[in-house]
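What Swiss-Prot shows for this protein is this:
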- 5-310: region 'Ligase domain (Lig)' (REGION)
- E22, R29, R44, E78, F119, R200, K206: ATP binding site (BINDING)
- K24: active site, N6-AMP-lysine intermediate (ACT_SITE)
- D26, E184: Mn(2+) 1 binding site (BINDING)
- 325-564: region 'DNA repair polymerase domain (Pol)' (REGION)
- D439, D441, D530: Mn(2+) 3 binding site (BINDING)
- D439, D441: Mn(2+) 2 binding site (BINDING)
Amino acid sequence: MAFTMQPVLTSSPPIGAEWRYEVKYDGYRCILRIHSSGVTLTSRNGVELSSTFPEITQFAKTAFQHLEKELPLTLDGEIVCLVNPCRADFEHLQVRGRLKRPDKIQESANARPCCFLAFDLLERSGEDVTLLSYLDRKKSLRELISAAKLPASPDPYAKETIQSIPCYDHFDQLWEMVIKYDGEGIVAKKTNSKWLEKKRSSDWLKYKNFKQAYVCITGFNPNNGFLTVSVLKNGIMTPIASVSHGMRDEEKSAIREIMEQHGHQTPSGEFTLEPSICAAVQYLTILQGTLREVSFIGFEFQMDWTECTYAQVIRHSKPVHPKLQFTSLDKIIFEKNKKTKEDFIQYMIEVSDYLLPFLKNRAVTVIRYPHGSRSESFFQKNKPDYAPDFVQSFYDGSHEHIVCEDMSTLLWLCNQLALEFHVPFQTIKSRRPAEIVIDLDPPSRDDFLMAVQAANELKRLLDSFGITSYPKLSGNKGIQLYIPLSPEAFTYEETRQFTQLIAEYCTNAFPELFTTERLIKNRHCKLYLDYLQHAEGKTIICPYSTRGNELGTVAAPLYWHEVQSSLTPALFTIDTVIDRIKKQGCPFFDFYRNPQDEPLSAILHQLKKKS
């Protein structure tokens with residue numbers, strides 16, 4: 001059973017009691033079969049993928065080993081690399097799918113595991129259930145997922161690599177969530193539908209979350225009727241898509257006439273055209289700088305072709321409040337590399353999937369630079385009176401704190417030139433830390449290697465305790481080590497005991513390197529270990545936030561193998577960090593699923609016994 005039932009694309013979602021709705025994910029459609037002798041993972045075209053995604057097949061063997069009476073069982077679903085509850089990273093999945101060497105596959109599986117999202121049940125206890133109704137199959141799947149103690153809905157921070165896609169009764173309820181998380185779309189399924197092998201059936205309808213972009217027409221192929229459309233990227237007109245679908249006959253005729261009169265015909269017969277004519281297109285996602293599933297909307301004769309920028313495409317790629325406006329996009333804000341406000345906003349949009357989880361439920365403090373990084377700056381933690389209603393906030397009884405959990409709030413703050421985002425160690429409804437952060441602060445940028453040495457010494461110590469730590473550049477001159485904790489697991493008093501223990505060990509074992517002296521003049525060019533900074537009311541620069549310096553450097557998470565003498569903070573800027581994530585993933589990808597409660601509790605227990 002390899003060839004799967006397929007949904008039909010619809011331009012309007014079906015509404016009614018006879019329909020249920022599921023999130024549509026951008027991944028590899030697969031059949032997962034689990035039986036007593038092993039596991040198989042097969043693509044919809046019959047390609048065996050078990051060895052390509054060992055984190056799924058290996059987990060499947062253990063997840064269902066105590067449910068032998070349920071075997072053999074067969075699940076229909078999607079292999080994805082989750083970014084958030086409604087969206088997957090198809091670009092990373094494609095890279096992963098092309099790997100052939102077992103060692104490279106395992107390395108990628110460890111660094112950024114993919115997961116199988118089950119949305120249908122085809123076989124249970126060896127019995128074919130495809131002829132049961134959709135609702136009955138879904139109920140049976142929920143029972144199975146519950147018995148196996150697997151996530152009932154997609155969770156990018158869960159350790160389990162088999163999860164479930166739930167169904168919703170109401171389209172509007174789910175569509176709001178899909179828009180919020182920038183998901184691919186929704187699949188509507190008839191409640192009485194059977195699962196039909198090798199069929200594309202109108203019992204399943206897919207409704208996609210298309211975006212709109214403005215492009216410049218720069219080429220035309222008369223042989224197939226496709227337009228080449230381009231945008232300004234780094235000052236160069238760069239092709240971003242080929243499009244034919246959606247064009248009316250009269251529009252095609254007009255383009256052909258324009259090309260023949262004003263274009264240049266190449267030896268191959270294709271035409272090129274100097275930038276002049278703008279158009280609006282619809283697309284689904286951006287993959288490696290190219291628009292996917294593109295269709296033509298119409299000409300935009302009132303636009304100037306210089307408005308068709310890649311940054312404009314990125315700005316329109318995320319769901320934001322209709323009242324959000326951007327101003328002075330050409331203002332230079334990072335002087336040394338001449339980066340504009342538009343460049344900054346583009347970076348924040350592209351990094352938002354990795355930044356926002358660390359801002360979630362935190363009372364954020366921003367540092368604003370109204371005239372760019374060379375100008376005066378000021379801190380802001382309260383929501384100003386002039387902020388629009390859509391800007392999120394939290395009232396603690398005395399102050400209205402800014403809370404930044406969505407794109408609209410994030411981009412409003414960016415438009416106010418909030419270049420730095422600082423967060424406390426606890427969430428808005430807690431007085432207990434959600435992580436420990438050890439701040440390694442060398443005397444100057446020229447002394448950064450001291451931070452590298454200090455970080456590695458601390459890693460050896462933490463490893464000896466059985467504690468996993470995560471390094472991050474401060475974005476200025478230092479390194480910060482993160483230790484994740486479960487919510488409400490420890491008090492600040494307890495974490496202070498631990499950070500003080502670390503500080504005392506370091507200053508005693510390496511007196512020439514570390515100091516806890518708060519007065520700069522008394523530090524004698526040693527690295528300052530600020531264990532007092534980890535306290536209620538204190539803040540730390542958020543992962544992936546920019547810093548307000550002339551380069552626009554980023555507080556970038558690191559892999560431990562990168563923390564060596566060749567590490568150069570100046571190379572981690574808004575120009576490089578996005579490409580880095582696309583190629584290497586996020587070093588903090590499993591941060592929230594890896595709390596270090598057990599080893600920390602053991603250390604605190606020993607400290608208590610000694611006292």
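The backbone N, Cα and C atoms fix where each Cβ goes, glycine too.
For each feature listed, report its degree of burial, its nearest neighbours and the pertinent distances within the displayed model.
Cβ contacts within 10 Å of E78 (ATP binding site), excluding its own Cβ and spanning all protein chains shown: 22. E78 (ATP binding site) carries a strand DSSP state (E or B).
Sequence-distant neighbours of K24 (active site, N6-AMP-lysine intermediate) (same chain, six or more apart, CB under 8 Å from its CB) are G183, E184, G185, I186, V187, K206, K208, listed in sequence order.
Its own atom aside, the Cβ of D26 (Mn(2+) 1 binding site) has 21 Cβ atoms within 10 angstroms in the protein chains shown.
With a cut-off of 8 Å between CB atoms and residues at least 6 apart in sequence, the same chain places A451, S474, K477, G478, L527, Y528, L529, D530 near D441 (Mn(2+) 3 binding site), listed in sequence order. Following the DSSP three-state reduction, the secondary structure of D441 (Mn(2+) 3 binding site) is strand.
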Through the lens of DSSP with three states only, how would you label D26 (Mn(2+) 1 binding site)?
coil
Would you mind reading off the Cα separation of R44 (ATP binding site) from D439 (Mn(2+) 3 binding site), to the nearest angstrom?
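Checking the Cα atoms of R44 (ATP binding site) and D439 (Mn(2+) 3 binding site) gives a distance of 49 Å.
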What is the biggest Cα to Cα gap, in Å, among E22, R29, R44, E78, F119, R200, K206, the residues listed as binding ATP?
19
Can you give me the Cα-Cα distance between R29 (ATP binding site) and D439 (Mn(2+) 3 binding site) in Å, rounded to a whole number?
44
Give the number of CB atoms, excluding that of F119 (ATP binding site) itself, located within 10 Å of its CB.
22
Please name which of the binding-site residues listed here, E22, D26, E78, F119, R200, is nearest in space to D439 (Mn(2+) 3 binding site), Cα against Cα.
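Nearest by Cα distance to D439 (Mn(2+) 3 binding site): D26.
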What are the other residues, in sequence order, whose C-beta lies within 8 angstroms of the center of the C-beta atoms of D439, D441, D530 at the Mn(2+) 3 site?
I438, L440, G478, Q480, Y528, L529, Q533
